[in-house]
Amino acid sequence: MACFTRFAALLSFLALVPLCLSAKTMGGYLYPQFYDHSCPRVQEIVKSVVAKAVAREARTAASLLRLHFHDCFVKGCDASLLLDSTGSIVSEKMSNPNRNSARRFEVLDEIKSALEKECPHTVSCADILALAARDSTVLTGGPSWEVPLGRRDSRGASLSGSNNNIPAPNNTFQTILTKFKLQGLDIVDLVALSGSHTIGNSRCTSFRQRLYNQTGNGKPDFTLDQSYAAQLRGRCPRSGGDQNLFFLDFVSPVHFDNSYFKNLLAYKGLLNSDQILVTQNQASMELVKKYAENNELFFEQFAKSMVKMGNVSPLTGSRGEIRKNCRKINSH
């Protein structure tokens, strides 16, 4: 009898093992089926709102993808970025990386209100960001992946975290790699995720120094193709025009593909933080070459790295909350 009890105990323990393992590998107990019973239409609803928004304005896809990235790099993927400033909260929207550039928050509001109608107080804003990022990638021709779900929303924001943790266009390669490593991401993730610059725009103010005064000697960046630089100067003057927009990937600006990496090999990366993947580190240059040669390999790694980034320090279980409105914490 004792033997049988031990055997039964062993069986029940073994039944739990795969759960523990998968939960561990998924990062903080996130899994794609999280809403299968509580909100079965969640993915369909997110996708339809994102598709409408991208059809209205192609740039929206890159904007939504970037919001997920800027959220995850500050306190984990907890939708802290979406909070507006109130008495006790200073919004991350005011940080240097986000001010005048993080955008399309209203698309997330629209998704949230549709989900509140369908299944009130169930789907977190953090999960909406993760799903919208995946859908934006797919809608522009990029890879798809299953999004692990179950994140909860923070009850605070970090302006200093937003200013310090998000890679900046003028950071050195080493600084950017360190910022990725702080999130548990590595050089492969860094190069693959930089490939999201195959879509979207950047402002003149983010790369002007490359055109006129890269190292403080009054000369342009010698690692920037000179004919491309001349073209950029046309709409990015020495002063003024700060907000003028330029495609990050001039070859296929609204199509998600590997032309971004081909541009880097031709010294036609727009941001300094793009071009240094080729000029400042041997290992990253090898990865750029691989992805430039093989679109399928890039897509496969991009999907893996997006799942990994989406698993950065999520709030799960009873930590955090499910916000009713993504812009403010619930009043208790």
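Each Cβ is built from the backbone N, Cα and C atoms, and glycine gets one as well.
Here is what TrEMBL says about this protein:
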{"type": "SIGNAL", "residues": "1-22", "note": "signal peptide"}
{"type": "DISULFID", "residues": "Cys39-Cys119", "note": "disulfide bond"}
{"type": "DISULFID", "residues": "Cys72-Cys77", "note": "disulfide bond"}
{"type": "DISULFID", "residues": "Cys125-Cys326", "note": "disulfide bond"}
{"type": "BINDING", "residues": "Pro167", "note": "substrate binding site"}
{"type": "BINDING", "residues": "Thr198, Asp249, Asp257", "note": "Ca(2+) 2 binding site"}
{"type": "DISULFID", "residues": "Cys204-Cys236", "note": "disulfide bond"}
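Where TrEMBL records a feature, it is marked here on the structure.
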residue : record                 : CB count, 10 Å
Cys39   : disulfide bond         : 18
Cys72   : disulfide bond         : 30
Cys77   : disulfide bond         : 31
Cys119  : disulfide bond         : 15
Cys125  : disulfide bond         : 29
Pro167  : substrate binding site : 20
Thr198  : Ca(2+) 2 binding site  : 28
Cys204  : disulfide bond         : 19
Asp249  : Ca(2+) 2 binding site  : 29
Asp257  : Ca(2+) 2 binding site  : 19
Which recorded positions from the set Cys39, Thr198, Cys204, Asp257, Cys326 come within 10 angstroms of Cys77 (disulfide bond), judged by C-alpha positions?
none
What count of other C-beta atoms do you get within 10 angstroms of the C-beta of Cys326 (disulfide bond), across all chains shown?
22
Spatially, which candidate from the recorded positions Cys39, Pro167, Asp249 is nearest to Cys72 (disulfide bond), comparing Cα atoms?
Pro167
Using the CB centroid of Thr198, Asp249, Asp257 as the Ca(2+) 2 site centre, which other residues of the same chain sit with their CB within 8 A?
Gly195, His197, Ile199, Val251, Ser252, Pro253, His255, Phe256, Asn258, Ser259, Tyr260
Please report the number of other Cβ atoms within 10 Å of the Cβ of Cys236 (disulfide bond).
22
Cα nearest Cys204 (disulfide bond) among recorded positions (Cys39, Cys119, Pro167, Asp249) -> Asp249
